[in-house]
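Undergrad: My structure is below; once you've seen it, I'll send some questions.
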Amino acid sequence: MTTDVIEQESHDEHHDDHKMTGIKRWLYTTNHKDIGTLYLWFAFIMFLTGGAFAMVIRAELFQPGLQLVEPDFFNQLTTVHGLIMVFGAIMPAFTGFANWMLPMMVGAPDMALPRMNNWSFWILPFAFSILLASFFMESGAPNFGWTFYAPLSTTYSNGSTAFFVFAVHIMGISSIMGAINIVVTIMNMRAPGMTYMKMPLFVWTFFITAYLLIAVMPVLAGVVTMLLTDTYFGTNFFNAAGGGDPVMFQHIFWFFGHPEVYIMILPAFGIVSTIIPAFARKRLFGYSSMVYATASIALLSFIVWAHHMFTTGMPLFGELFFMYCTMLIAVPTGVKVFNWVATMWRGSLSFETPMLFSIAFVILFTIGGFSGLMLAMTPVDFQYHDTYFVVAHFHYVLVTGSLFSIFAGTYYWLPKWTGHMYNVTLSKWHFWCSLISVNLLFFPMHFLGLAGMPRRIPDYALQFADFNKWVSIGGFAFGLSQFIFLAVIIKCIKGGKKAPAKPWDGADGLEWTVASPAPYHTFTTPPSQADIDGIYKDEH
Amino acid sequence: MSETVSHSKTVKKLSLVVLAMFGFGFALVPLYDVFCDITGLNGKTNDTAATYNANGVDESRTITVQFITRNAQGIPWQFSPVINSIDVHPGEMKFVKFYAKNKADHAMTGQAVPSVSPGMAANYFNKIECFCFTNQPLAAGEEVEMGLQFYVDQDLPSDISTLTLSYTLYDIGKKSS
């Protein structure tokens, strides 16, 4: 599909491509655009897989009592849903964006390490095959939650720990290779004349995210290795009987886990910061404050991990320290939201689909941020901990935050990727259906959580029945809405109105100086200084 | 080509960071223990014998020390303190006993792991002699009284008047054999 279009186009224009055909092209490819496409399709398939699990979860929770699945299988579904969405959908989708856009945005011919790029994608399907295959094993899939707390994943493991650990190891290696590639590309391959403070904000956010990945993915690899040796080789890292400590697991896990949540949101900031100026027809308000805010969020993310653990019994000083540090993150995040709003202020706004998703992102991500502030307060966290309030919070930041930015970015660059304009009517249907259903899906979860409904349970008390029914209906509607997205993309790849090199009149950036669809090889000669200086124009 | 050289330099540096962070993950294990030791967080008490070095007994304060016991999964022993609580003055040495009986039909080895609550008091609770310093093998049906000799340091913060010492008993037979 994408293959055909790009192939045709580039064969017409570039007869020296030496591309392989068929499956070999995709297996052996070292082209950043091909690998970006692979990442994006992989992420979408994983998104539908994880979404299918969520549908079963919501069907079971449609009414109280056990109807469809056994509690143990329910736990496997919530665990694998979380793992797939985090490591299989959101992160690979962002890596896909990085692969497609970064070289074009910095004026480089390709990523710095193309062969490693091929590897970092092609080991991913194996990781998720291992994880998903565990459903068909005697033990069943991991059932200890995506946070795999010891001793649930060691002493009380259902036997799936080894599959889980190896899958996470492979995902981690893939992420680290991808991150190294991004850093090297940005540091060494920028076009002459593009200084750091001239880079598009999209590039900055991926640069900082890649550093976060390099810093914390090895810690994740370490903690799952300890888990593996505790479960199968008799070590006692987390086993109190042997002098270990299960609470230490949570400290090490969340030392990875909290930067991880910024790994999933900083690229979203970059995408939205690219799209809002384009459709407000103004330059991004406060570019340098955006860069510094992104960097401060990344630095602060290393000293807030224990806010996930307020109820483990921490001394008062610890609780206060982690509470204040967490609240401090609201400052740079507030700077960002302020800048997005200020960019739109008195702009000549138009509401194309990427802009709709970006505005929804700003509003709904902020709701998720506010519920995060509520959770950051130690005394109230004791009430909210492990309730649906937490589920509502992180789905607002990850679904209406990260995922909406991925939708926005996809619509924004789809003309550049495929050479066609997408079907506007269908895309607006996708937006409005998603927007309404996602709020029906996640907003009542706040009330359920405040009323005391615990998370990760297959059954619940009768008083939660009405809200859960609405939540499930919202869930099914949101799930179905994503097929509209699939339809838009397939239609767009197959045909549609020809897209000009720059379909958005307000858009900035080097990627719009090349033809649509982007030729197989771009910037084999660096862009001109005038093009680079033109990235941030004052007037359009 | 100069470009390739500069790539490999950057890659090497970044790979070093990756390795360092992998090591740091493991370094967190001893660091965690050291940190808890120094601060007394987490209620961790010393796992080696202390020597008595209090200067005198502070009779103006009375601290209630409570004893609780708990069995981890998979160890069918009867395990309980002989007395449930005792009043001590800071600096005063006390000796108490715990009772254990192996109710399984085979020999087992138990290990008691102590924890003090409130956690900040852990550094002021000194064990001169404790059955928790070693593991405890018991034949089927065998019973034993195990001793604990301790004193509470005089520097115990003045807002603490009650300490709870909790022992969790684990089956470590499989690990040690």
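Note that the numbers count up from 1, one per residue, in the order the chain is shown.
Yeah, the Cβs are placed from backbone N, Cα and C, and that goes for glycine too.
What TrEMBL records for A:26-530 is domain 'Cytochrome oxidase subunit I profile'. Per TrEMBL, transmembrane segment is recorded for A:38-59, A:79-100, A:121-141, A:161-189, A:201-228, A:261-279, A:291-309, A:321-342, A:354-376, A:388-414, A:429-450, A:470-490.
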Undergrad: Should the transmembrane segment (A:161-189) and the transmembrane segment (A:38-59) be scored as in contact, given a threshold of at least 3 Cβ pairs under 8 Å and pairs 6 or more apart?
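TA: In this chain the transmembrane segment (A:161-189) does not contact the transmembrane segment (A:38-59) - fewer than 3 Cβ pairs sit under 8 Å.
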Undergrad: Using a Cβ cut-off under 8 Å, which residues of the same chain at least 6 positions beyond either end of the transmembrane segment (A:291-309) come close to it?
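TA: Result: 197, 201, 204-205, 208-209, 211-212, 215, 247, 250-251, 254-255, 257-259, 261-262, 266, 269, 318, 322-323, 325-326, 328-329, 331-333, 335-336, 375-376, 381.
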Undergrad: Counting CB pairs under 8 Å, which listed stretch among A:261-279, A:429-450, A:470-490 touches the transmembrane segment (A:38-59) the most?
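TA: Checked against A:261-279, A:429-450, A:470-490; highest Cβ contact count belongs to A:470-490.
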